[in-house]
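What follows is one structure encoded as C-alpha cells, with my remarks underneath.
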Protein chains: 2
Amino acid sequence: MSKVFVLGHKNPDTDSICSAIAYTHLKKELGMDAEAIRLGEANNETLFALEHFKAQNPRLVKRASDEVKQVILVDHNERQQSIDDIDEVRVIEVIDHHRIANFETTDPLYFRAEPVGCTATILLKLYKEHAVEVPADIAGLMLSAIISDSLLFKSPTCTDQDIQAAKELAEIAGVDSQEYGLALLKAGADLSNKTLEDLISLDSKEFEAGDHRFEVAQVNAIDVAEVLERQAELEVLISNTVAAKGLDLFVFAVTDILNNNSEAIVLGRRSDIIESAFESSVVNNRVILPGVVSRKKQIVPVITEALS
Amino acid sequence: MSKVFVLGHKNPDTDSICSAIAYTHLKKELGMDAEAIRLGEANNETLFALEHFKAQNPRLVKRASDEVKQVILVDHNERQQSIDDIDEVRVIEVIDHHRIANFETTDPLYFRAEPVGCTATILLKLYKEHAVEVPADIAGLMLSAIISDSLLFKSPTCTDQDIQAAKELAEIAGVDSQEYGLALLKAGADLSNKTLEDLISLDSKEFEAGDHRFEVAQVNAIDVAEVLERQAELEVLISNTVAAKGLDLFVFAVTDILNNNSEAIVLGRRSDIIESAFESSVVNNRVILPGVVSRKKQIVPVITEALS
C-alpha cells in the first residue's frame, strides 16, 4: 500500500495537529505507511505541547495529490476546511467530532464521528479497540488536544468521555492535568508575537448555511480588552476578508480563558442576525457573549439556525 | 428522553429491517426508549428470517415527525433514501456501510460507517464495545442480514470481518450458516407472488451523480431468463418511472444467486454510458454483467464515475 497522509483542518489547532500525529502512530503500528502532515502553521499552544513532549512538528503540505493517492482526515470533514486538492485524492477514513457537512464519497469508507469534545478522545478508543499501547509522548499530545478543545474541561463541548480519557492519558504521560493544562492554555493565549492578520486567520473556519457563507475566527486570551483595543485596525482587515471571500458574515471572537466568556467583533451584510440570535446587543460592531467559549457548540449552530 | 425511531432505508432489505431491530435492542438495553420501524414492505427473504427467528416485523411508518423528534439511521445515510420527513427530525446517530452523500447536520452526532459488507457486522462490534450480550433471536436476524448483503459470502462487498461476525452469530443463533443461508436466499428469490411493479420497485435505490439522477433496482433470482421473459412489459413500467421521476438512467438488474452473475435492462436518456462503463455490449436494452452481484460495489460507483 502506498503512503497515506493523515491531516487535520486548515488553520490547525492543537487537536488537528496532535490527533494527526497520534492517529498516524496507530496506523503505523497497524502496518500502514502513514505520515502526519499539517495545512498551516502550528500555534503557540501546539508548539508548547510538541516541545513539552519532545514531538516533531508535522511537515507543512499544501497539496496532497502530488505525493499520495489516499488521505485520512482527522478533526474535520467539511471539504472547504481541508487540503485544497481534497477532490483529487481519495478519503479512506475520517475521525472527527464535528457536524457533518459538505462531505461526499463515491465509495464506502471508515467514518467515525462521535459527539465528544475532542478527536483525541475517539482516538483513545481506537487504540483500545486495536489493543495498541499509547506511548507516553503520544498520550501527552492527546491529552493536550483534549485540554485545548475543552478549555481545561470547562467548555460545554466537554463530555464525561473526554474527562475520563484525559485522566487515563495524563497517567500514561506522567503529568498533572490541571498544572500542565493551565501552562498549555497560557502558552496559547500569548499573543505577543501575533500580527492582527494572524489573530483573524490563525484559528478561523468557514461555514455554509443555506445560501450564506460565514467565517468564525477565535482567539484565546488572558486580557480580552487588550486584544479589542485595536478594533479599528481589526475591522479594516476583517472587512477586506469579507470582501475578498464574498462572505455574508464574519465573527471574530476573543475568549477569556480564565473567566470563560467571549466578546466578538461582527461584520458583514448579515451581521443583523447577531442581536436576536444571541439575545445580546450589538454596540459599535461589538457583542458580549457571556459563558460562550465554544465555536462549535455555542456559535456556529446559533448562526446556522439564524441564517437558514 | 423521548422516544427515538431506528430506521433503515426505503424499499427495505433484510439488513435494513434486521439491523433496525438489532440496534433497537442494544439501545433499549442501554436505556434508550427506542422503536424499530420500517419504511416499506418487508420482502420474502426478510419475512423468512423474521419467521425463522420468531421476531416481530417492525411497524410501517411513513412520517417520523408526527411521533418523535429524533431518529437513528441504520444501513443508509443519503437523505433521498430515508423517511420522507427526514428534514423535520434530528438525526442523532447513523450506523452504515455505504458511501456518504447528501447527508448534513447542524450539530455533531454519532456517525459510524465502516467499509464492511453489512450494517449488522458493525452492530456486533457495538454490542461488544458496550459489553451487551446478543440474544439468540437477534443474532439470527443479524446473521440473516450478513448472508443477505453478502449473497452467502460470495459478493465482493463481503470482508473478513463479515465472515468472522457471521461465524460468531451463527453459533449464538444455533444455525448452520450455509444451510440456513441457502434457504434464506431461495426465499428471497421466490418471485412468484410479485407483480412486475414490485420487481422494479421493491429493492430499488435512487442516486445522484453530478447533475444526473439514476435509479438501480435489483432482484435476486434462481432463473434469470424467466424474469426477463417479460421484458416488454417491464420496459413500459420502467419508462413510466423514468418519466415520472425525471431520471436520466434506470438500471434493472436481475442477479443469479446460484451462479453470481447479473443481467440488466437499461433505459433512460443516459443509457448510452452503459456500454463503455461496463465494457459490455447493450443489445435490445439488455446488458450481461458477468460476476456482478453487488449494486453498491460493482454498479453504483461505475455509473457514478461515468456520469460525473
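Just so it is clear, glycine is given a Cβ too, placed from its N, Cα and C backbone atoms.
Here TrEMBL flags B:H9, B:D13, B:D75 as Mn(2+) 1 binding site. B:D13 (Mn(2+) 1 binding site) is surrounded by 23 other CB atoms, counting those within 10 A of its CB over all protein chains shown.
For B:D15, B:D75, B:H97, B:D149, the entry in TrEMBL reads Mn(2+) 2 binding site. Secondary structure at B:H97 (Mn(2+) 2 binding site), as computed by DSSP, is coil.
Taken from TrEMBL, the feature domain 'DHHA2' covers B:181-307.
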What's the CA to CA span in angstrom from B:D13 (Mn(2+) 1 binding site) over to B:D149 (Mn(2+) 2 binding site)?
-> 9
Binding-site residues near chain A, Cβ-Cβ under 8 Å, from B:H9, B:D13, B:D15, B:D75, B:H97, B:D149 | B:H97
Cβ density check for B:H97 (Mn(2+) 2 binding site), other Cβ within 10 Å (all protein chains) comes to 28
Note: in the chain of B:D15 (Mn(2+) 2 binding site), residues six or more apart in sequence with C-beta under 8 angstroms of its C-beta are B:G8, B:D75, B:C118, B:T119, B:A120, B:A145, B:I146, B:S148, B:D149
In the domain 'DHHA2' (B:181-307), how many residues does DSSP put in helix, strand and coil?
-> 56 helix, 37 strand, 34 coil
Taking every residue in the domain 'DHHA2' (B:181-307), what is their average pLDDT?
-> 94
For B:H9 (Mn(2+) 1 binding site) and B:H97 (Mn(2+) 2 binding site), the CA-to-CA distance in whole Å is 12
